[in-house]
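Presented below is the structure to which this report refers.
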Amino acid sequence: MQVVAQAGLPGWLGMPLDGRIVSRPLGQDARSGGPLFLRVGDAEPIRGSVFWAAAPFVGAGHLAIDTDARDRSVAAWLRGVLVRTIAALPEGSVRVLPVDGAMLGSAFTAFRPLIDAEAWATPATNLAGLRTALDEAEQQITAVQAGDLQAPPVLLIAVAALPSGHGRAEWARLAAIAHAGPAARVHLLLAGWPPTLLHGDGPPRLDHTTTLSTAGDGWWTMSEPPGPYRLSTDGSGLAAPIRLDPGASEDVAAEVSRRMAATAAVARRTDFASLMPHQIWQQSSATGLRAVVGRDGRIPYDLVLDDATPHMLLAGRSGAGKTNLLLILLYALASRYSPDELGLYLLDFKEGVSFVEFTPTVKDPSWIPHARTVGIESDREYGLAVLQALAREMNRRAAALKAAGVTKLADLRANSDVALPRLVVVIDEFQVLFGANDALARDAVAALEDLARKGRSYGIHLILASQTLAGIEALYTKKDSIFGQFPLRIALPGGSGILEPGNTAADGLPVGSAVVNNAGGVEQANRIVRFPEADPASLAAQRHIVWQARSPVNEPPAVFAGYAEHHIDDDPLYRALTPQVRRRQALVGRAIDVGLPTVGFAMDAVPGRHLAVLGTSAIGADILHAAAASLAAQHEPGTARFVIASFAAVADQVVDDLVASLTAAGHDCTEADGGTVRAILADLATSAPEKPTYLLAFAADVIVPLLNERGPERRTGLDDLRTVLRQGPGHGVHLLSWWRVARRFSDAIGGSAGREDVACLVALNVPGSELSSLLGDHTLSWQPRSNRALLLDRHDQRQRLIVPFVRPGRHDDITEPG
């Protein structure tokens, strides 16, 4: 029996806790996740035959002894259990809440270094302190049960003696914690349980608990342990008396505490600035990228992106420090390598502003000069556009390598003085990109797989971050082929899902630490790295150092902020417009693409060059305003005519502003009512105007009944409208219209027969099925959303998601009626 016990209780779990063991390595005899067995005493079934008695503890249940730590042997035993637990499990994975209600905390004096290092809580010495410890345990259990805490750290309530005043309320809470705690990694170590009562009912039985009870003369009995482990057939427990494990002396416990506290103090003292190089931009990225992100014990830890570990997965539960670690890594890289050595593409799909740190703002004009593209609250379409742009860059580099007769970026860099920086692509909450399992997701999967498989040869490195990899339907058939290219894995607390099955090393980690694994997640390659907090002041200081060293050719990154409005008056293309243009454009918004290019429609002589904005949203009026203002900027004053008709009160202010600006610019501007519009259409249908004419109709659907009436010559206004639509562009006449009812637009242009007569469309809050039917294209995929529109040009088969131009302060939700 003793041979078996020694084999199952290695090192700290079973060896005598004397001076011989204090130099043994910490954190190597047990792992987080599984049940931890430890020595609690020496069993003697027959005189002279002794074996170690073991009980399951962390990961399985609780331990209790019916005498409190005022008994010196129990105090030593209690110290021993604590030393075995914290020394065997990974350092920093157990948080202890000490309670000593009889000796003012002196039962835990040997552990003072850990208390001072804030690795343990300050011992509770009264009833209020006990209740506070129970509160924390209950909070962790509740968070786990609610799904808010998927991989919590071990939380251990260690009671040397219950404080005076405790009673049935505290007993009930302890019983509830004992029942639900193991599933939430909450455990109890109770000395003096059950408490001795002079009268009344005793405390409830504790589930999942191994109890040691005194049997007199220094002997103890041990109850049945929790779980499937059975010591007897009748449930009576171990059929042999035991002597308590001698435990740990105060000197041994203090030495272990000092060793662990030193590591905790190092981790606590590690700050962001200490990870940054003393001199920036001193390294070459020819063979790869390295950055110090934290400490492995006392040793700085270098994270490496190169041909051997080209791509990285990062995962952790909410609040585990994912954004913090990304900021440390990216700032460290940007400090070691110049923009000629490193380029950054940063995409964030969640509602956050983590990558704002890389861009200029109103409060702080500095930016990280390595950043090429920054997406904040990015659309899926923008993510796909970035991946496709990177694929084009990869193909360009492949051609350069082929022309040079080499196969790796390092070889090309050795023979060329042309800057060819390594590119790091970070996609935070990347699962959003693949969430819908639609055509966009399939295109994104194809682009991601291509970059993952080939990127290492061309200096393109991917970092994908998420809370979990589970449930990404679009990746079910590609999981191995894509993620197999990501040997570098960083698992924050709760992030064990990115490691190999059975490797649960990250489950019990405290915040501020991570499992770093460069072998695809196999357990043998685990390294525990602690990293500091990247506080705003330190980030700003380092950003200014890097920014001030930039070259004049380093421009701010192209920033896509998914929540931002865009205004025509601020648009650089609009501000650069002049009458000296070959083909006039009606500008309507910014494309969801790399660089957010300004988009619009050519208003030339080709039949069908008219604009129709569809949807009830008031943004329709803003788009017509932007289109008219941009066209006006491309005409000399007085050389174009604008006829403006508004049939909705919501557009009145926009129309007033437009009329005022066109008039101030010297253009011929006329406001018209329904009757005037009909007369103008009749005139334009029969004769060419003297100068280019733009007819703007706000809420044009209102005038359709009037246009449907027949005149003296039996022609209707709709007949004249359709003539203008077909022939107008050849005479310089263009209709710019906003239709709140899409069906009326279809009827007005003559149904399917007139589809080609209005080739330029912008869809706002029009349901996708209605838009597909209107266009006769049932492959069209469109879901209306806030601050977005779909641009369609039937002549060049263009479909683009855009951010439409709006008037300042519009803040309109286009999925709702305007």
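Cβ coordinates are placed from backbone N, Cα and C, and glycine is handled just like the others.
Database features, via TrEMBL:
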DOMAIN    296-501  domain 'FtsK'
BINDING   Gly316, Arg317, Ser318, Gly319, Ala320, Gly321, Lys322, Thr323  ATP binding site
Task: Within the same chain, and leaving aside Gly316, Arg317, Ser318, Gly319, Ala320, Gly321, Lys322, Thr323, name every residue whose CB is within 8 angstroms of the centroid of the CB atoms belonging to the recorded ATP site, in sequence order.
output: Gln467, Leu492, Pro493, Gly494, Val511
Query: Among the binding-site residues Gly316, Gly319, Gly321, whose Cβ has the fewest other Cβ atoms within 10 Å?
result: Gly319
- request: Enter the number of other CB atoms within 10 angstroms of the CB of Arg317 (ATP binding site).
  value: 20
- line: Should one count Cβ atoms within 10 Å of each candidate's Cβ, the binding-site residues Ser318, Thr323 would be headed by Thr323
Message: When DSSP is mapped onto helix/strand/coil, what comes out for Thr323 (ATP binding site)?
response: helix
Query: How does the model score the domain 'FtsK' (296-501) in terms of mean pLDDT?
result: 90
Spatial neighbours of Lys322 (ATP binding site) that are distant in sequence (at least 6 apart) but have CB under 8 A: Leu314, Ala315, Gly316, Asp428, Ala465, Gln467, Leu492
- line: If you count the other CB atoms within 10 A of the CB of Ala320 (ATP binding site), including all protein chains displayed, you should get 25
